[in-house]
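Novice: Straight from Swiss-Prot, here's the annotation block:
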ACT_SITE  123  active site, nucleophile
COMPBIAS  434-446  compositional bias 'Basic and acidic residues'
COMPBIAS  453-464  compositional bias 'Pro residues'
COMPBIAS  469-478  compositional bias 'Basic residues'
DOMAIN    294-369  domain 'PUA'
REGION    1-24  region 'Disordered'
REGION    422-516  region 'Disordered'
């Protein structure tokens, strides 16, 4: 019986393990503490259930596991509600009739924030996925606007066609790079442009009403209205767009926590009246959700604030890095708590990072995190500390430069690398000017007739240059003389004309007197 009881307990444990993934993962992610700990032993846990940018962190390549964790910052899901709202976005189901700018302005008024932006304009009659970024998340708007989009639309054909297969073939033909001109009523200049259609297919066709439902995956800035007109031209019957809905923008689609304007209004009302922020946290998502498709680079806590101030992303500050990083690829730099620090352009591949121990890993493209979220950890070395003490005592000026009180030993020992780099930069143009210019090559006809003369020394200019200079001087002198002569002639002409006028006046007076 004892053996039977033992086997039943084991079975229960197995059932419990199996039931873990079926639990509400979102609640666990909000309640538990998630952090990459500074230890050499990797914990045996299921990191596929970790939230946002920390998902599967144990599968990243490890450069080092040792760093000093700082209490600053917080997991994106555990931020205070004010910070959570200011660094979030809403996957909004845009209603028909209001424009995208009106919708964004309404959300700004509802949430009482200063700044909002959206992921790409939708026409007033178009519904569907509109990503509304709030305050700090507006730094990601540019990258979201250029991301690919997916649409489901209804096209109305002006005349009947032979079969549904004909329409399906025509829709699939309109793929690849296509010429497009914006519609007659458009907010932009009607210039011819090229846009790429990645994939398109017919979903359904009603031959009685001549309506076809189609799905399109396309580049940002594609006009589906123009695509429907082209479809009608291709079939030879004419066509126009009847309805349109955006089902995906970037990496977020209809099924990814899409909310309505009423949900946003209710969530804010619930927080204002009942101090319940759970609805706001459900409606607004952290900005890190938009970056889950990027390759990751995990930085030490001590390097975070330096990057926020624009420092280079150097290899000694890197803890972990992802497989498959390529040159000039856009990556996301994150903290050990899973917060996005910045977007960057990779200057090293994964292979180079694994073999090097120094150098610049990536170039900052856009800083996302606010400055001084983490403490400053630069200027804490012995020389920097000594310099701060000397500034306090008045031995150096407020900029750290020598003054009358500065001891001679400091002037001799201390090397200001900023000034030395400026001097080197100033020397470069002088060195370029001092480089000897190569003598001009003669034409082939001249070189054949004349003997080759040795090149003149750089101290004395060649006779050709002297003769050119003399010619220029002579020309200038001639022009000056001509100008002077012309001036004298003009004066003489003016004087002659004035004398003639006086004579005429005298004659007129004499005539008048004689007549009287």
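From the backbone N, Cα and C atoms, a Cβ is placed for every residue, glycine too.
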Novice: How many other Cβ atoms sit within 10 Å of the Cβ of residue 123 (active site, nucleophile)?
Specialist: 19
Novice: From the DSSP assignment alone, can you count helix, strand and coil residues within the domain 'PUA' (294-369)?
Specialist: 17 helix, 31 strand, 28 coil
Novice: Should residue 123 (active site, nucleophile) be counted as helix, strand, or coil on the basis of DSSP?
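Specialist: In the DSSP reduction, residue 123 (active site, nucleophile) maps to coil.
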Novice: Restricting attention to the domain 'PUA' (294-369), give the mean pLDDT.
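Specialist: Result for the domain 'PUA' (294-369): average pLDDT 91.
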